[in-house]
């Protein structure tokens with residue numbers, strides 16, 4: 001790494017030391033790109049680029065470079081300017097909302113340009129307002145104006161062309177989270193520490209006293225966004241099943257069973273099945289997900305897969321399975337509900353059963369990669385809008401203890417670099433390990 005110290009913290013950083021570190025890290029990243037035939041990076045490019053697939057040492061250097069550049073920016077600005085800049089970011093939200101809502105991404109040619117006047121006619125938006133909002137987005141490096149009166153894609157706006165997940169994430173942020181954001185304080189003042197899916201900031205925003213997630217899923221516009229967001233989650237670097245298949249010792253015998261609790265259509269279980277060619281799977285979820293899973297499962301796996309309609313707040317019908325697998329389930333729910341979900345699994349576990357929880361582990365400030373910390377705390381705000389939660393390991397430990405069942409964390413498999421979730425294995429206290 002050219003002798004650079006990648007563990008340096010903000011409190012130790014000075015402008016000169018950061019400058020030296022940035023130069024060293026840039027050499028590592030640029031050297032990798034050049035040696036592997038990547039084109040010179042440019043904000044004006046509209047090519048699809050994924051940099052997170054680099055070797056682990058290069059990826060670590062790249063992530064540290066992003067953090068060091070941010071630290072350099074903060075140290076170069078005055079504290080007043082830095083705080084003002086954070087507040088000014090809010091002003092870009094109306095522009096991002098318009099880009100998503102009016103599907104402007106689709107109306108700007110990927111390789112070319114379009115006048116503001118023609119774009120305004122196409123999407124039926126007043127030209128002056130459209131121009132002002134898009135120029136606000138450009139101040140955040142989204143889109144570009146190659147000549148006066150014309151708009152074109154750049155690398156950031158083109159990313160939403162290439163990534164369906166990013167597009168649906170933008171839509172969900174603007175249509176589902178943004179209305180809830182001003183209601184966080186009101187939720188605290190009205191409900192205090194009462195955290196249910198029916199007392200959430202989003203529930204206040206959408207004026208519903210029911211489970212707000214279920215309310216949104218009942219509205220066609222919101223349902224389409226949420227379903228497609230989940231469908232394309234695999235596009236996100238570090239969210240795929242590779243960590244599961246490479247770092248956990250799954251059962252392998254034909255008489256062993258893995259229960260995928262809330263497993264949607266079973267896509268993750270199918271990925272696991274490729275590495276354990278004999279074990280059987282039971283995938284449990286809502287009726288529509290079960291039907292989808294049955295139709296998507298290839299013929300060579302059908303004899304090993306059972307799909308079962310199941311509400312995970314009710315008694316678990318599969319007893320003594322080898323592994324009960326919960327992937328990205330608990331973070332959707334307040335603590336009381338999460339405890340109920342865990343308890344239903346615990347009551348079904350036999351002496352040698354394991355429960356495997358795949359979730360993001362939130363680190364304390366100053367621990368780990370600042371980039372990961374930013375993602376984790378940001379995602380926690382998204383979850384808080386619906387009274388869900390991203391959790392620390394200690395928080396998971398508390399949930400497990402509160403089940404009142406004789407279960408405990410037996411192992412934690414921390415996520416490797418670039419992966420966004422860890423694995424928490426839970427066993428019965430009287431189990432043989």
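Cβ coordinates come from backbone N, Cα and C, glycine included.
Because the structure is a prediction, the values reported are computed rather than measured.
The region 'Disordered' annotation in Swiss-Prot covers 36-55.
All protein chains included, residue 285 (S-adenosyl-L-methionine binding site) registers 22 other Cβ atoms within 10 Å of its own Cβ. Taken from Swiss-Prot, the feature S-adenosyl-L-methionine binding site covers 285.
Counting only same-chain residues at least 6 apart in sequence, those with a Cβ under 8 Å from the Cβ of residue 331 (active site, proton acceptor) are 359, 360, 383, 388, 389, 390, 391. Annotation note: residue 331 (active site, proton acceptor) sits in a helical segment as assigned by DSSP. Per Swiss-Prot, the feature active site, proton acceptor maps to 331.
Counting residue by residue with DSSP, the region 'Disordered' (36-55) contains 0 helix, 0 strand, 20 coil.
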